[in-house]
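Look at TrEMBL and you will find Asp39 tagged as active site, nucleophile. Feature annotation from TrEMBL assigns active site, proton donor to Asp41. Annotation comment: TrEMBL describes Asp39, Asp41, Asp260 as Mg(2+) binding site. Taken from TrEMBL, the feature substrate binding site applies to Lys235.
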Amino acid sequence: MAVVAAAAGNGAATSGKPQRATVQDKKAILDKVDCFIFDCDGVIWRGDSVIDGVPETLDMLRAMGKQLVFVTNNSTKSRAGYLKKFTDLGLNVKAEEIYSSSYAAAAYLEAIEFPKDKKVYVVGEVGIQEELDLKGIAHIGGPADADKKVELKPGMLLEQDPDVAAVVVGFDRHINYYKIQMATLCIRENPGCMFIATNLDAVTHLTDAQEWAGNGSMVGAIRGSTKREPTVVGKPAEFMLENIATKFGLRRDQICMCGDRLDTDVLFGKNGGLTTMLVLSGVTTEEQLLSPDNSIHPDVYMDSLAAMLEVKQPVSA
């Protein structure tokens, strides 16, 4: 079985073609795993719609005693904002089970002991600001700069705040030239200013009708103007996994990462030594997964998370 081989390899790449999960594969995962980390967009919901069978699957896993953690690279909401979304969608999730990239950015700054007398310039939305507030980290920018425009008249000079010691770039539906220039100036002109990205996702699911340009497009603009590579704190970065494992007291061989993206979710799991499960209810198609050009192989894959409902009872060890 694909899962048994993967378990022995502690998350190493599986040999040969990726395997569609059989009932026995699913039972093997449930025997091995104590915690499931779920991506949200494309796994739990699409846009503002819950994917069929997800509530029943989550209830089944809870009844089996599994720890559930919900991670998202979307930084537009804080953990409190995502809790409201889960609740509005009728999903029974606790606040402490949610881990957003907005929280990851604030947690990273806290971990490196970001100076209290310095500020963060935010390219992003309210989610990042709310998490920074909870950590007591001063910040400027964000939605307050959404309507600011640059008039390129002769002698025009935009001055950055010299107290900005980090620029955090998250998904921003109101990104503009002012924000790009301000972020660029802070990174290039302020000595030691850090460039932090919540994620590099190429696309995201803002609606259930189509894919939309993701945070990779915002980060790319600033990476291009500064010639600097960002520190990434969301998936597939190691920081997020280490923080989750520490927070919940988990060993990596106890965890299964379930997502819909190869280059973030599955790579996140494989880099961290986790069991990996890909669902085809989001970004990745079966054709893309099985393409000879793809080198990122999950341990197993299935059409959607609801396919786990084939296993109604946990298998005894």
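Our numbering is plain: 1 for the first residue shown, then up by one each step along the chain.
Using the three backbone atoms N, Cα and C, a Cβ is placed for every residue, glycine included.
Owing to the predicted nature of the structure, the values given are computational and were not obtained by experimental measurement.
Compute the center of the Cβ atoms of Asp39, Asp41, Asp260, which mark the site for Mg(2+); besides them, the chain residues with Cβ within 8 Å of that center are Cys40, Gly42, Val43, Ile44, Thr72, His205, Gly259, Arg261, Asp265, Val279, Gly282, Val283. Most buried of the binding-site residues Lys235, Asp260, judged by other Cβ atoms within 10 Å, is Lys235.
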